[in-house]
Amino acid sequence: MKIAGVICEYNPFHNGHQRHLRLTRERSGCDYIVCCMAGAFTQRGELAIVDKFLRAEMALRCGADAVVELPALFAVRTADVFAAAGVRILSALGADVLSFGAETADLATLYTLARLREEEPEALSQVVREGLRAGKSHARAHGEAVSALLGLDTRRPNAILAAEYLRAMKKQGSSMQPLAIAREGEYHDAALCPLASATAVRKAMREGGSVREAVPVEVWDLLESAPLSRPLNDLGLYLLRTTDLSRLVGAGEGLENRLKHAAQCAPTLAAVVEAVKCKRYTRARIERLVAAAMLGMDGALAARHPLPEYARLLGFRKQAQPLLAKMAQGAIPLVTRAAQLKGDETFALECRATDLWGLSAKDPALRVAGRDFTRRLIIL
């Protein structure tokens with residue numbers, strides 16, 4: 001049995017994701033594909049546009065054989081933590097291949113990028129220093145220097161994650177083989193087309209437009225009527241004003257002070273982010289700290305749990321029963337019922353994330369607390 005793993009968000013699932021799953025199966029020759037998917041919040045700290053259970057079903061309809069959850073404690077973090085957690089889960093469940101999208105399918109280039117994210121040769125350091133003197137942030141100066149060196153825009157999210165997957169596999173001694181699949185389309189392109197980016201699809205959905213051409217026919221009926229998340233402005237502002245932000249994951253370098261100050265008079269969370277954003281603090285870092293405040297995700301909790309200790313199954317296809325049997329023999333428990341995790345502090349955080357997402361939607365059925373315990377396993 002050959003298993004391919006995919007670390008994902010599917011925010012939401014679109015044609016590009018279906019293409020990736022199809023090419024993963026073709027190029028790896030795998031028997032099964034397991035997706036490790038972020039839940040209610042994304043890596044950038046945003047609420048996913050539609051419910052995690054719905055997104056899991058979309059993946060199962062379009063090529064995945066099983067979907068497990070990437071816990072919020074690791075999903076709403078920097079790229080290195082996000083990647084390390086996904087690698088840990090999939091490797092522990094017995095995946096043989098890790099398939100990911102990137103700006104290039106050339107593994108040699110991606111391995112070089114991974115190395116440059118760990119070590120900075122003097123020649124590269126000199127270019128970075130020149131960028132700093134020109135008033136650029138360190139992240140931008142470093143990213144531009146590496147991009148120039150490799151002839152590839154390495155600042156794209158997929159390129160960064162690809163490098164972090166390779167670093168995580170090396171650090172953990174994972175036996176998974178990497179499979180890079182070149183993505184098509186632009187990550188932040190706002191134009192809607194058959195291979196539109198998730199950014200473009202979300203924008204169209206928020207504006208009430210049709211996204212039929214950008215998503216697989218298998219999921220259109222789910223997306224067409226799906227309740228969308230909305231900003232949790234009142235709750236978010238209150239927590240930013242009253243929480244000790246310094247204890248949260250992602251705090252430091254004075255960001256927590258600027259965030260608390262901005263929250264005192266800002267009318268919305270978006271206004272807070274805009275007020276704090278600067279060369280030193282990226283939008284993603286700010287939004288992750290806002291999410292940490294809403295989730296109560298403190299640094300002590302993260303320190304106690306450096307890597308995931310279980311894999312929670314969200315759904316699977318009936319013909320994948322042999323896959324489930326294999327995963328159940330993995331190095332970490334495969335959890336099929338939420339009750340098995342009652343009392344687990346990382347899962348308690350997951351439940352808060354799910355409940356917060358529910359409160360952001362208009363649908364009364366989604367606003368009920370404890371859906372992680374009442375929602376049935378998805379079986380197709």
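Glycine too: its Cβ is placed from the backbone N, Cα and C atoms.
A quick note: this is a predicted structure, and the numbers were derived from the prediction, not measured.
PHE13 (ATP binding site) falls within neither a helix nor a strand when secondary structure is assigned with DSSP, and so counts as coil. For 7-20, GLY101, ASN158, ARG183, the entry in TrEMBL reads ATP binding site.
Residues within less than 8 Å, Cβ to Cβ, of ILE7 (ATP binding site) and separated from it by at least 6 positions along the same chain comprise CYS35, CYS36, LEU70, PHE82, ALA83, GLY86, VAL87, LEU90, LEU98, PHE100, LEU161, TYR165. Neighbour counts of Cβ atoms within 10 Å were compared across the binding-site residues TYR10, PHE13; the minimum falls on TYR10.
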